[in-house]
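**Student:** Sequence annotations record features per position, and here TrEMBL assigns domain 'Calpain catalytic' to 9-297. Summarising the annotation, TrEMBL assigns active site to CYS35, HIS206, ASN238.
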Amino acid sequence: MCCVGRGVQELCEDPHLFVDGISAHDLHQGQLGNCWFVAACSSLASRESLWQKVIPDWKEQEWDTEKPDSYTGIFHFRFWRFGEWVDVVIDDRLPTVDNQLVYCHSNDSNEFWSALVEKAYAKVYGCYEALDGGNTADALVDFTGGVSEPVDLLEGQMATDEAARNQLFERVLKVHNRDGLISCSIRATTVEDMEARLDCGLVKGHAYAVTDVRKVRLGHGLLAFFKSEKLQMIRMRNPWGEKEWSGPWSDSSEEWNKVSKSEREKLGVTVQDDGEFWMTFDDFCQYFTDLILCRLINTSYLSIHKTWEEEVIRGLWVHRQDPLRNRAGGCINHKNTFLQNPQYVFDVKKVEDEVLICLQQKERRATPKEGKGENLAIGFDIHRVELNRKYRMHTAQQKVAGSIYINSRCVFLRKEMKEGRYVIIPTTFDPGQQGEFLLRVFTDVPSDCLYQHLGLNSFSSSGGLSTGRFGVLF
């Protein structure tokens with residue numbers, strides 16, 4: 001296969017960024033193993049306010065048929081990277097074979113937004129090949145600046161625990177209704193399982209975009225109006241643009257006869273192999289193993305959906321021989337050095353408050369020269385301390401929560417926490433490992449959660465740079 005880079009004007013006579021708007025149906029995965037990225041793009045396409053952040057000034061970037069000479073072949077995109085939005089500029093030359101796009105492409109041969117976004121994202125990571133295999137959660141965060149929460153449906157026993165399943169559905173519905181992005185997958189346990197198709201039509205080891213979440217009213221006419229029964233349902237899309245769920249509530253199944261025509265139209269039910277399909281949330285939890293909820297962080301008091309109080313801190317794991325100055329002590333297994341890590345204090349002032357904590361390391365995937373492109377195994381512990389504590393812990397206090405340790409870009413924890421003062425200790429799994437990290441803490445609304453500023457707003461021996469009211473403990 002001979003791959004040739006061609007400008008979009010060489011590929012068609014009437015190129016456009018968008019043809020008849022933008023939707024999740026526009027894009028299809030090409031010959032790159034990046035269904036994780038394409039699934040995230042499908043989710044992004046369903047939220048106008050979000051894709052307009054990633055594709056700024058899109059009207060000015062669109063081809064002007066009246067002024068063809070004004071076309072420069074340059075495109076501008078933005079992605080959220082390690083705490084800030086960064087601008088990425090690319091030219092319009094795209095990989096092709098026999099004048100056909102090799103990678104992500106649209107239904108319409110003259111629509112190029114998805115291919116150009118993919119090229120810009122590949123530039124962030126260094127090349128297209130760097131996108132072969134990745135994490136949908138990371139792409140969703142890069143598109144939104146939000147926080148991705150992974151949900152293990154197997155560990156949570158969602159298939160068998162009805163109460164837990166109903167509670168999860170309400171969380172998923174809330175994230176969807178507040179314009180969050182959602183993805184899901186069926187875990188592949190062996191290499192042979194990757195992209196293996198099940199009898200029900202679903203594909204293992206493959207990322208799906210969640211495009212809608214609803215409580216669907218059953219029945220027809222007045223009966224449906226007065227009937228209280230509603231079905232918890234979820235709609236997904238396969239980035240391949242084909243291969244759908246073939247079980248109950250699939251496109252042409254008889255179950256849809258239980259729903260009125262107007263309700264079906266409202267849900268956008270179509271009978272075609274376009275990769276998009278509905279299924280009940282019960283069936284979803286039976287088959288899918290992993291769910292990603294990317295919450296948008298809305299801190300505006302003017303919004304009816306003001307959802308979080310946010311605090312952000314940038315920090316460093318720095319290895320030094322002097323125990324008093326070492327800030328790379330490893331996880332709690334290394335008792336002699338664990339408390340040498342950076343420590344940050346915060347107060348929960350409500351009787352009980354939901355707290356979201358996200359620890360993100362500076363990704364090495366895009367910089368192979370640093371550690372050969374491998375992320376560190378990272379995590380954090382939370383300890384309850386005295387209300388008047390102002391200085392570092394030198395003796396471990398009561399541990400109340402902790403994340404898993406994993407070599408992913410981010411680790412996440414959602415925890416109901418009682419009133420009191422707490423210390424977060426972000427660490428690498430092994431001692432002596434150096435790197436940068438971003439610690440983000442969110443509290444639910446209404447919240448009186450405050451972060452006590454006890455340190456200096458500068459790099460210090462604590463290994464941290466405080467950007468909020470976090471307390472850096474010395």
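Cβ atoms are placed via backbone N, Cα and C, with glycine included.
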**Student:** Could you round the CA separation between HIS206 (active site) and CYS35 (active site) to a whole angstrom and send it over?
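**Tutor:** CYS35 (active site) has its Cα 7 Å from the Cα of HIS206 (active site).
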**Student:** Excluding near sequence neighbours, so keeping only residues 6 or more apart in the same chain, what lies with its CB under 8 A of CYS35 (active site)?
**Tutor:** GLN29, HIS206, ALA207, PRO239, TRP240
**Student:** At a 10 Å cut-off from the C-beta of HIS206 (active site), count the other C-beta atoms across all protein chains.
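**Tutor:** A count of 23.
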**Student:** Is it possible to get the count of other C-beta atoms within 10 angstroms of the C-beta of ASN238 (active site)?
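**Tutor:** Around the Cβ of ASN238 (active site), 27 other Cβ atoms lie within 10 Å.
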**Student:** DSSP three-state call for CYS35 (active site): helix, strand or coil?
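**Tutor:** In the DSSP reduction, CYS35 (active site) maps to helix.
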**Student:** Please classify the secondary structure at HIS206 (active site) using three-state DSSP.
**Tutor:** coil
